[in-house]
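Below: one structure, written as structure tokens.
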Amino acid sequence: MKVNLQTEFKQTQIQQVLDDLDRELIGLQAVKTRIREIAALLLVDRLRQKLGLSSSNPGLHMSFTGSPGTGKTTVATKMADILYRLGYIKKGHLITVTRDDLVGQYIGHTAPKTKQVLKNAMGGVLFIDEAYYLYRPDNERDYGAEAIEILLQVMENQRDDLVIIFAGYKEKMDRFYASNPGLSSRVANHVNFPDYTPEELLMIGKIMLQEQQYQFTPEAEEVFLQYIQRRMQQPHFANARSVRNALDRARLRQANRIFATPGQNLTKYDLVTIQAEDILKCRLFQ
């Protein structure tokens, strides 16, 4: 008996998901390569099953590390789709949660909360953002450890029904795993999301504007790149998320600039164009 790799690959339609990932995310080549590697492993494992070869279910739980706004949630959504198309999960949906969704504030509250989240996520992927906040060793009365114990049981006993992705800053996630070796041993796939370069963030910003039918003037584009370079040096920078916030404020200033001269006849160009002054009025340039 033989199986045709190309036929199997086409039937799963995972190439469409990988193409979407390439198109929707600027840069992140190492991340995209890692996702392709995981997809290849899962496809080959599926072929082994078809030929009756021994196939221990590959560890599917994952760790996504990196700063906010680097595409972790987007990639998690695509990963859920890949797992679904390959038959590793039954539904393919993604549930995103944080500590507050899992941990209660009093005795007996955490277990029901965590179990309800897990019930909702069954058949799909559970994405736990800033997972390290589940563990607070400095507080003996914290109930996060109870949530972790329940997660460990499900990761081991129901791994055919649910994939869990733990996400957050790399340094904090490393400490989280070091403090929870039982958890670390169950997470087979680690994917690191690097910060974007200023040029990549400019490209992301231009795409965001195009999606909303806006555009930069050439001067505004240069100024926005300068803005990004300055903003990256400031606290709480969140990559693409910070770019989106900056563009929202630029649109607000553009609207106020137009509104300040009510007598003029406006063209489509006037309404879609972000000028350099719409960016230069932000605090970073003052």
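Yeah, the Cβs are placed from backbone N, Cα and C, and that goes for glycine too.
Swiss-Prot lists Gly66, Ser67, Pro68, Gly69, Thr70, Gly71, Lys72, Thr73 with the feature ATP binding site.
Other than the site residues Gly66, Ser67, Pro68, Gly69, Thr70, Gly71, Lys72, Thr73, same-chain residues with C-beta atoms no more than 8 angstroms from the centre of those residues' C-beta atoms, the ATP site, are Phe193, Ala238, Asn239, Ala240, Arg241. Cβ neighbours of Ser67 (ATP binding site) (same chain, under 8 Å, six or more residues apart in sequence): Tyr169, Phe193, Asp195, Phe237, Ala238, Asn239. Within 10 Å of the C-beta atom of Gly69 (ATP binding site) sit 21 other C-beta atoms, taking all shown protein chains into account. Neighbour counts of Cβ atoms within 10 Å were taken for the binding-site residues Gly66, Pro68, Gly71; the minimum is at Pro68.
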